[in-house]
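The structure under discussion is supplied below as structure tokens; questions concerning it will follow.
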Amino acid sequence: MATSSLIREPSSSRTNTNCKNNNPQLPFTMSSNGVSVKDRFKQVYGRHRIHRRSTLLSLSNAAHAARRANSMPPGHGISRSGTSGVRTASMGTKQLSSGDGDAPKHTIENDPNLAELAAKRDETNGFIPAHKKTVLQTMKTIALSNYANPLLVFVPVGIACHAVGVNPVVVFVMNFLAIIPLAALLSYATEEISIRIGETLGGLMNASFGNAVELIVGIIALLQDEITVLQASLLGSMLSNLLLVLGMCFIAGGSRYKEQSFNYTSAQMSASLLILSISSLLIPAAFSNSFDTAAEAEDGVLKISRGTSVILLVVYATYLVFQLKTHTYLYEEAEDEERDIAGVDREGNDIEMQQQRTTQPEGFESTLPTDEARLDNTTTATEGAVSEEEEEGGEVANITPIAAIILLICVTVLVAVCAEFLVSSIDALVEESGISRTWVGLILLPIVGNAAEHVTAVTVAYKNKMDLAIGVAVGSSLQIALLVTPFMCLLGWWTGHAMSLDFNTFEVVLLFVTVILVNYLIGDGKSNYLEGVLLCAVYLIIAVAVWFYPEVASRSVISDISRELVMESSQSCLPTEQDDANTLHFHPLRAMAVKTRWQAVRDKKLAEQHAILEPYLLSTSSLPSPVVAGSERIRYVNECAALTDREVEITSWPASNLLQSLREGTATCVEVTTAFIQRVTIAHQLTNCLTEPLFSSALSRAAELDALPPSSRRPLHGLPISLKDQFNVAGVDTTLGYISRCHAPAPKSEQSVLVSILQDAGAIPIVKTNLPQSILWCETQNPIFGITTHPLNPAYTPGGSTGGEAALLAHSASHLGWGTDIGGSIRIPAALCGLWGLKPSSTRIPYSGVPVSQEGQPAIPSVVGPLTREMGMLEVGMRAVLGGKPWERDPGVAPMPWRYEEVKAAYVGKKVRIGVMGTDHIVTPLPPVQRVFEELVQKLKGMPEKYELVEWPALGHRECLTLMDRMYTVDGGEEIRRSVTKGGEPFLPHVERLISRGKAVSVLEYWEMNTEKIKLQKAYLELWTSAGLDFVLCPVMPHPAVPHERTKWVGYTKIWNFLDLPAAVFPVDKVTHEDMWKEYVAREGTEMEEMLKATWEEFGKGMVGMPVGLQLVGRRLREEEVLVGLERVVEDCKLGTEPMVS
């Protein structure tokens, strides 16, 4: 504000119109001693220091000034102005003057009568100087300092709730309410201390502690890796202040005044700084989208974020100097000639001038005639000797410095404690209430830190103090943007947390829209209630939008995950050259730029895994290069120095020989378990196939079994087995590829029934293996353990979802693995890795204790089955499980004992009728699959006395598969969506596609789907029965192993899940060089075949040597018949009974 704009000519009709509390003021005139107008303004009105301070306090969320004025009980001071604890001499100086420099001075110091009157008035009004207060009086002063203090009762309640372990949602609510009064007390203590240390230091202290609650909550969220909550709360504080608080201020003031004015210059400066702050968030977001990979983006974004944070802090410091030192005159309140037009009531009358004209005497230009009158216009000493700062600034402390410091320390500690409990209970709040982390951070948490300031700003706006109100709203947002946010970014750098300025794009857009709107509304230096309504309306729209906004990672992360997995799988799943000899670095998602806490959870999980594997790890330099493909990778395990000759011998024995040696004692259980543990670790280094190493419990169990006498040894005595991660093992996590399930070990009461039966049979689980996020995919990758690679080629997929088991078994690191199958999850990996697998009908094998996505939907049941290296182990595994009478432990199991020997005897000499289905007429298989299928069919046709073959037309397959896909997502993908968002990790592309297929259906629609399913099943059964079939022979996949993310069509396996028929997979042959000369012709208009053709033409050479398997399908619940039929086909066609990858 220019100096000239402050000069007003004296007027008899307009004298002392800006004074409050009935205290007259001098008009603006040049004094006789030559004092400048500006200096005279400072002397007469005493506003310079007050406005400098109030503006700084507003910038730092320190509206404690007005708050205390509005909330302090009477009797705590004399002649209060609108600022905190300010006791103002109406003349604003130590002397009263009539306008000339020769007038006598009347001050408390040199006038005993005034000092005596001041003391009497203090005593009369109940005012006690701070240094004279007792401890109880000080505590009473603190207790009465704010109307929010009754909420302090929630502080011990919140702490107690956390201590006794009540519902975390209750803990959140109690600590949420507790932090509100603590925030007010923190501001009060800060203000009391700042009064004593001078204006400049006091202003800086208020600037530092103005957002102390946000800082404390933010630091705790950062250290707990709640990055989503932290970033959302920072933006939420700005949105709350700029929209809700400022809007309520405009509405509150507009309810009393038609129009209010404020300092246009300072408002525009604040708007410019807001543009800078939003630019600091937009630039990293745009920057991150300029890279091809998330790893590169993360590194670059972190660098520019940290550099930008340093610049923002420098700008903030410069702004303080600009405001406090060099350009203070720009921040004077518009209370002079502008305020004259600001206080216009609803009828158009000047409220403030009316009040003042009725209370001010005419032409006050001489000293007051009485001591009482002089006392009314003189600063009263409140503490023995009043400093010059206190006299000129007019601020009086209400508690002693020691009390203020103790209060500050205690409140800070309590805020930290309550904030930690608050943040730690967010997970439970999100899980139980359905509220997203983004909504918690963007809407809820800002209420905690700014509640007191919200009330203050609205109150002072109602009293026509718009500069102070805008200072609180806009100034607080500036401090969040220019101080707190960059500080958090640098703190994350120092503490090793990936906090950057690359905020969620949706949230940044919200802030951008907000800044633009606020900039327009404050641009004219005036406000009214309609502008307040606009701001509040935008805030409500944002709150609604955030409520329904899905909690997913940034666009760059989601779009790059697939590319990262494919590009890095061959390198990242192996130890790198930069790593130490025994350091694992096989996690391809390690470098992804994701903003949520899942990174820390994942890293902790991998660190735990590494600690178990470390004693068995090979040197990185000894591992085969990722570019090496083929059987050499399989042979490496036997040839590496990590395995002794004895261990190579043990792990190379056929399963029947191994079991015999264990039963006879020629090999001990500990010896065998140790050998397989070493082989498991090598297989993991080559394929990234493990999730949970069970080495310690396995060795302990092996020692116990060795102590048993031969008569007590069970059928699977000492046999090391492996389990898909899905199976609950007591004391071990079952993640299903979800971050939210990490570090939540299964209790003993929830251990898988199948695992318990196998342990009772003498088997020793040594490891759990990898699976895809959500399980519902035919490849194996998740954000926790990364991607599992094919044992013959790291660039190719082993299939899924039981891909970890297949990769492990292919490396001879287990003889019997167990997986699940809801659409081909056992059969696809078995076929692609040259193994044997069996998908039973539902209800045959116990599923209790096996968590699964979409648990509870019975329409397409997931089933448990074995994968093995040898055909005979399928029967051994089934016999062991059903021999344990699982129907007595799991009500979902049909009471059907294993009848393999009876069925085998019945099939002796029987002519088997097989339907042959070379194609499902939806996607035609590639040439090598067609060749292998036709060759086997010709062999069977060559034995007409044993086999009768009929063409199977695959009638109804398309209808069945269409309905099946609909039934997969009857909940609209909600169950999977919740599981992913609960942990905060990104959706993998295939999972995102799955849950985006459609909306949830009604119960009636679901019933209708089940009715249709039964009709289709019945029609297929009638077709099967009328044809007199024993089995159907068909491909497993339309292709052998393909590069990652190239698997598309699984109709050859899904159909048998829909019909709930048992199916066994067996290896037949490998892709040959001759196959490469054959062209694949895609039918016109078939998108799947076009994609398959492109894969064949581009990657076909890499398929050479890959196994090709087929499947034999039988009647429902006739698993014994399927295995008997499989044994006959394999034996008659001389296919071999060992894995195809050896």
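Each residue, glycine too, has its Cβ placed from N, Cα and C.
Just lifted these from TrEMBL, have a look:
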- 1-32: region 'Disordered' (REGION)
- 61-71: compositional bias 'Low complexity' (COMPBIAS)
- 61-109: region 'Disordered' (REGION)
- 80-98: compositional bias 'Polar residues' (COMPBIAS)
- 147-165: transmembrane segment (TRANSMEM)
- 169-324: domain 'Sodium/calcium exchanger membrane region' (DOMAIN)
- 171-189: transmembrane segment (TRANSMEM)
- 201-223: transmembrane segment (TRANSMEM)
- 229-252: transmembrane segment (TRANSMEM)
- 273-291: transmembrane segment (TRANSMEM)
- 303-322: transmembrane segment (TRANSMEM)
- 353-393: region 'Disordered' (REGION)
- 402-426: transmembrane segment (TRANSMEM)
- 404-547: domain 'Sodium/calcium exchanger membrane region' (DOMAIN)
- 438-461: transmembrane segment (TRANSMEM)
- 468-493: transmembrane segment (TRANSMEM)
- 505-522: transmembrane segment (TRANSMEM)
- 529-549: transmembrane segment (TRANSMEM)
- 671-1123: domain 'Amidase' (DOMAIN)
Can the transmembrane segment (505-522) be said to touch the transmembrane segment (229-252) if we require at least 3 CB pairs below 8 Å and skip pairs under 6 apart in sequence?
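The answer is yes, given that the two segments have at least 3 Cβ pairs within the 8 Å cut-off.
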Ranking 171-189, 229-252, 303-322, 402-426 by Cβ pairs under 8 Å to the transmembrane segment (273-291), which is first?
303-322
How about long-range neighbours of the transmembrane segment (529-549): same chain, 6 or more residues beyond its ends, C-beta under 8 Å?
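Tertiary neighbours of the transmembrane segment (529-549) are 239-240, 242-244, 246-255, 435-436, 438-439, 442-443, 506, 510, 513-514, 517-518, 521.
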Quick test of the contact rule: Cβ under 8 Å, at least six residues beyond the ends. What residues does that give for the transmembrane segment (303-322)?
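Distant Cβ neighbours of the transmembrane segment (303-322) are 56, 203-204, 207, 273, 276-277, 280, 283-284, 287, 478-479, 481-483, 485-487, 489-490, 493, 499-502.
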Across the domain 'Sodium/calcium exchanger membrane region' (404-547), what are the DSSP residue counts per state (helix, strand, coil)?
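Summed by class, the stretch gives 121 helix, 2 strand, 21 coil.
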